[in-house]
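Comments concern the structure below.
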Amino acid sequence: MIIKDIVIGHLSVPLKKPFKTAVRSVNSVNDVVVKIITDTGNVGFGSAASTGLVTGDITESIEGAINNYIKRSIVGMDIEDFEAILIKLDNCIVGNTSAKAAVDIALYDLYGQRYGAPLYKLLGGFRNKLETDITISVNSPEEMSRDSVDAVKLGYKTLKIKVGKNPKLDIKRMREIRKAIGYEVNLRIDANQGWQPKEAIRALNEIENEGLKIELVEQPVKAWNLEGLKMVTDNVNIPVMADESVFSPKDAARVMEMRACDLINIKLMKTGGIHNALKICALAEVYGMECMLGCMLEGKVSVTAAVHLAAAKRIITKIDLDGPVLCSRDDVVGGAMYDNSNIVLVDEPGLGIEGINN
């Protein structure tokens, strides 16, 4: 199965409602879609999200990295030489993790097709069903409460609440949400780097003292501030998860060695794809640190790849793969099957994606 070409397209899907965090507001999913064409007629699908404020990657840079560096490095190679292809992918250009992720995902799709097995089984096969949380965007406490109630009515058992703009207002948001939904639903909070270490400690301890029952807090401080992250971890009882602080396996090893956090959020757009995400999973097993598999605001192609990885590995105990359910429609034929919070993988080779209607 020889790689003959890499073709780039686009997937644009409006959201059901605007997606708001501490750093941005978005109205649609806009992915760069990759198809790897082979001499056998097999096609591998991958995609990448433009997330300039997180990864530094935008649509133009993703396309440029693929067309000008990645394509010329791996076209002509055989999928059976998989490790060699991944080494070329890693080394052909510095950074550009989203572009690398898109191609990596398509390569793994072909790898599964080559050996006639769904990807999650090749990667470990721990389970074939998952349950995701759903994100509640930053808005007024009243609107966030309404959105939370709506999500619970749809069967979601875990909500991820976006905070990080104003600690006092964030605490009010949590109070109003708990009042609206009760205590049977899990709440996670994601500050998206929005707090300073000391204010994070104050806010989280106040949340705990009020009995608001928070499962975890994600990236409370700036990504670069590992000492601040550790300070928060050491001074609160609510488990702290690193997100933007961990892109690479090297980043993961550093925060694990420091015990700067309690958990890690793995995202394929940060790691450069599945191959580096697997290395983080291996490190997490060694250090005994559970992981979440998360996504950016992505469509179903790349999220399906994340679902396969999450299903394969025991160390991935928390799932934040809600991108497809935030979209107003599904333009991807095949792939992971969503029923609100419930995700099921089909036993088709690779990712099980047949095409894209967009």
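Heads up, the Cβ atoms here are built off N, Cα and C, so glycines get one too.
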Candidate from Glu218, Glu285, Glu290 that Swiss-Prot assigns to the same Mg(2+) site as Asp190, Asp243: Glu218
Distance [Cα-Cα, Å, rounded] between Asp322 (substrate binding site) and Glu218 (Mg(2+) binding site): 16
Local Cβ density at Asp243 (Mg(2+) binding site) - other Cβ atoms counted within 10 Å: 25
Of the recorded positions listed as Arg24, Lys160, Lys267, Cys295, Asp320, the one whose CA lies nearest the CA of Asp190 (Mg(2+) binding site): Lys160
Local backbone state of Asp322 (substrate binding site), from DSSP in three classes: coil
Protein Cβ atoms within 10 Å of Thr135 (substrate binding site), excluding its own: 24
Listed binding-site residues Arg24, Lys160, Asp243, Cys295, filtered to Cα within 10 Å of Lys267 (active site, proton acceptor): Asp243, Cys295
